[in-house]
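TrEMBL annotations:
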TRANSMEM  B:41-63  transmembrane segment
TRANSMEM  B:84-103  transmembrane segment
TRANSMEM  B:109-126  transmembrane segment
TRANSMEM  B:138-161  transmembrane segment
TRANSMEM  B:217-239  transmembrane segment
TRANSMEM  B:301-323  transmembrane segment
TRANSMEM  B:329-351  transmembrane segment
Amino acid sequence: MIDWAAFFVVAAASLLGACAVVVLFALGVRNAARRPWLARTCWVLCGAAVLFGIYLIVPALHA
Amino acid sequence: MELSLVVVLVIGLALFFDFTNGFHDTANAMATPIATGALKPKLAVALAAVLNLVGAFLSTEVAKTISGGLIREGDGGVLITPEMIFAGLIGAIVWNMITWLLGLPSSSSHALFGGLIGAAVVGVGFHAIDAGVLLSKIVLPAFFAPVIAGVIAFIATKLAYRVAGRGSLEGYKRGQIFTSSLVALAHGTNDAQKTMGVITLTLIATGAQAAGTGPEFWVIATCALAIALGTYTGGWRIIRTLGTGITQVTPPQGFAAEASTTATILASSHLGFALSTTQVASGSVIGSGLGRDRKAVRWRVAGRIAMAWLITLPASACVAGLAELVARMGTIGIVLDALAGVGLILTMYLISRRNAVGHENVNLRPVPVSPVPEANIVEEAR
């Protein structure tokens, strides 16, 4: 009745996605003062994650 | 095209439901950025409103059934009359207003499904309901959603503090703007569609629109406007609960919570396991509170919210069932229902004015520090 496979896929994908973005962003915050280039790289990657989010939300982009 | 009284009322109620859906769910996206000061309250709700408006236009592929399979409608199933939809909407709206008055984030979709179920049970009988779908699509996910989101937000918050330490909080505020905007956009694409579906299927059922056609432009536009307007009105009572009531949200925690909410919602809508946005967002806030400090979560508030989730579906089903009983009296019954609904909504609005929560005091939390009422103070949240 419960689609456990889908459930675990959703849980794993959410965990990976959220943790990846949070760790990247936190690395950016940590290195903002001392290694600005690294911080900027991290934030650009976070920006890419946001764009991927928009791609997923807008049906016209992935349909 | 000629529309009967009940169809006109269904459209009006559906749009009002859309409006309540908007202000009920502003908190999902904007409670944490408002609580941390990442966005000024008015700017936050305006941003959420615009994103909901845009989202509603982006995705207009309406569902094929009003209830998503919960009710055995369609060919060979039971006939859902406009009266039942009307009664169901009254149940959903009344329950949304009650939970808003109490400041409880409860799922608007569950209220809508509950209302339709209640009306269908009274109108047709228990065989109208597919209990298996009810359990696998509503009841069990309601347990999983907050747990998944809570665990993820807990881990994400721990990671944020581990990686970046407890200083340098300002950077996270900018990040919060993006994550919460994604939640608002996703909300617009999902929730406005439900109302479009209800209106379109009603029009088709009464022969005002050809079967198998999508929503007409005026339906899309009015639904988009209704949800955006509702979002802009800003359900401040619920924002307060989610932003400062469950736990005082800090910027890293808010960022981690919104990232978890976004990731969980996007994964659930694309990998085939539907979860309620409201329950995901609330679970994220609780999880991130625990991730920062185990004692930071007010379990009494969390318990009240859980209780509201448990009774949302049966409660709106009861109201809708009652409305359906009255509606079966014919036109007079419909009119009585409509008057009673308007009366209840107005009453709740007037009660809310007694301790109004708005953009100016959303981050102030009344804290009972003493059982003596006079000794209770208002604490500045940040």
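Including glycine, each Cβ sits where the backbone N, Cα and C put it.
Quantities reported herein were computed from a predicted structural model and do not represent experimental measurements.
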Residues from the same chain, set at least six apart from the ends of the transmembrane segment (B:329-351), whose C-beta lies under 8 A from its own: 5-6, 9, 13, 83, 86-87, 90, 93-94, 97-98, 100-101, 323
Stretch with greatest number of CB pairs under 8 Å, the transmembrane segment (B:301-323) reference, B:41-63, B:84-103, B:109-126, B:217-239 candidates: B:109-126
Residues from the same chain, set at least six apart from the ends of the transmembrane segment (B:41-63), whose C-beta lies under 8 A from its own: 22, 26, 29-30, 33-34, 177, 180-181, 184-194, 196-197, 200-201, 214-215, 220, 223-225, 227-229, 231-234, 236, 239, 359-360, 362-363
